[in-house]
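The feature domain 'ABC transmembrane type-1' is assigned by TrEMBL to 26-305. The domain 'ABC transporter' annotation in TrEMBL covers 336-568. The transmembrane segment annotation in TrEMBL covers 21-48, 60-82, 138-156, 162-180, 246-267, 279-296.
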Amino acid sequence: MRTIKRQSGSSLKGLLFQNKSLLISAVIASIMIAGLNIALAFILKLLINISIDGEVADLFNLLFVILSFLSLYLIVSVTQYWTKNKYVKEAMVNYKNAITDRMIKKDLSDFRSHNSGSYISVINNDVKTVETDYVEGNIVIITQATLFIFALGAMFYLNVQVAVVAIVLSLLPIITSVAFNGKVSLHQERVSEKNGAFTTTIKDIFNGFTVIKSFGVEKEVSSAVSGVNNSLEVDKRKFKNLTEMVKSLTEVAGFIVVVGTFTFGAWLAIKGKTTPGDVLAYIQLLNYLLGPIVILSESLNKRKAGAVLIQKIDDLLISDGQKEAGIPKEQFNHSIVFDNVSFSFDGDKDVLTGIHLALEKNKSYAIVGLSGSGKSTLLNLLMGYYDSYKGNIYIDDVELRDIDPTSLYKMLSVIQQEVFMFDAPIENNVFLYKNYPQEALQKAITMSGLDGFIEKKGSGFNCGENGSQLSGGEKQRVSIARALIKGTPVLLLDEATSSLDNETAQAIEQSILNIKDNTRIIVTHKLNSDALRMYDEIIMMKNGCVVEKGSFSELLEKKGFFYSLYNVTDNARQKEELLTV
Ligand SMILES: Nc1ncnc2c1ncn2[C@@H]1O[C@H](COP(=O)(O)OP(=O)(O)OP(=O)(O)O)[C@@H](O)[C@H]1O
């Protein structure tokens, strides 16, 4: 058997930097803004020096410079936000599309290993944080770092001693911020996890609204939500407290830098070693030194936390890995074989034990057994929902785990009791937006018993959210039609007609059993002798094992477990109930 190699997959982070020309334009504009801010300090210095010992003509010349400066500032600033917003928009479109794409391409077993709330929370919360703290944060960091470097350079230009004092003191807020880096990331990750749990809880309320109402458990559910909500808000508060404490500490450290540098500048002015204009320029430059330190410390911490979220998103989408491209197999030639298959959900207690089955092409099989005996799990293994089973499942001698999942679903269709419906017209729900030959459509619609409904309501009838405008039976008919239209060589039915009345259910079962060029494996609770007689083989399950198999008459002759169940009563209805308990 080929082993499944797990591949780590590439990180989606690269997508955030894909549009390089826009990113570079936004960065250049940001750097220019930083330069213009420094130029403002020199303009103020000139203004003060002219006011002390200059001429009116100098003042007019300077005013002309100021007007040109303001026009340039406006142009650069508009360019900066325009390119930045366009870059962020394109980066986020690419990133979110890639996330959705990866989610959809996950194979079933991988997708089901995570709670759907985690995926929703990633799209709703984490991606937003990545946008503000990481993508926009990168540009903020570049702008502020440039402003800091320019301000420092300008200080050196004005006075080396003042610049050295400013650098030494600036280490204080930087150290403060770096010291809390790790802790901030940890708290951000915790908030993200709690967001996921909260989304899952809210999702459960929407999905289980009818249950909540009919069982009158509003208060209990509200209190459960309140617990999750409270826990999320507690962690959010801790996160905010921490970031704001870091901000306060950095601000205080910043004041020390201002007061220290300014005192030193004032001392130099008193000694006559610098001009008042220079002192004003120091003050202005100090703002450009301190502002960035505070913003940088906050932005660097948030960026780090954003990077942790990017990693978390990657892990959710990649770490479980997708199967290495498997063997493409779309034709079903002769048989499906379960060779000593055992399976456990929790790795402890087996739900299926030592299953040996050989299912031949174009035959029909009924799987029967008491509730919880493992019938659905057997079908789910065949659908590739789980790959951690022991033993082997072969489709025409190819191990199921080695088959490319996409091609597997071209061979198998499943019809289940739970039917998902899109909030779309019935025709889109049946065809699932694909084109099929008219003849195939008509055949599937007739066989599934949907023809009457479509005639009455029209193919454009909207099904409502998850089919709220349709009855349970109508939804099941849609699901049957969907599978029949797909025309796969193997059909799996798991309680597919349970919501239909006995007569309709039997009619549909009969028409499915009449398809001769199809392999049908049908889990049924209905011990109806007319239907059971039509199956090539009945597989009787008990406690995760296949205990009997054979045709209806063979099993009756055997007088075993199937016989005893079938003969418990002559009343078919009671037999059905017996198996459902
Ligand atoms: N996702 C799951 N996680 C853990 N245990 C599960 C899971 N799904 C099913 N089981 C357990 O596995 C056993 C077999 O379940 P399965 O649904 O296959 O039985 P079944 O014969 O189809 O039952 P029914 O006729 O009631 O649908 C049961 O004990 C069930 O509780």
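Counting starts with 1 at the first residue shown.
Note: Cβ is positioned from N, Cα and C throughout, glycine not excepted.
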In the same chain, who gets a Cβ under 8 Å from the transmembrane segment (279-296) while lying at least 6 residues past its ends? 34, 37-38, 40-42, 44-45, 48, 140-141, 144-145, 147-148, 150-152, 154-155, 158-159, 162, 166, 170, 173-174, 177, 247, 250-251, 253-254, 257-258, 261-262, 265-266, 269
Averaged across the domain 'ABC transporter' (336-568), what pLDDT does the model get? Just tell me the whole number, please. 87
Same-chain residues at least 6 beyond the ends of the transmembrane segment (60-82) with CB under 8 Å of its CB atoms are 25-26, 29-30, 32-33, 36, 39-40, 43, 46-47, 50
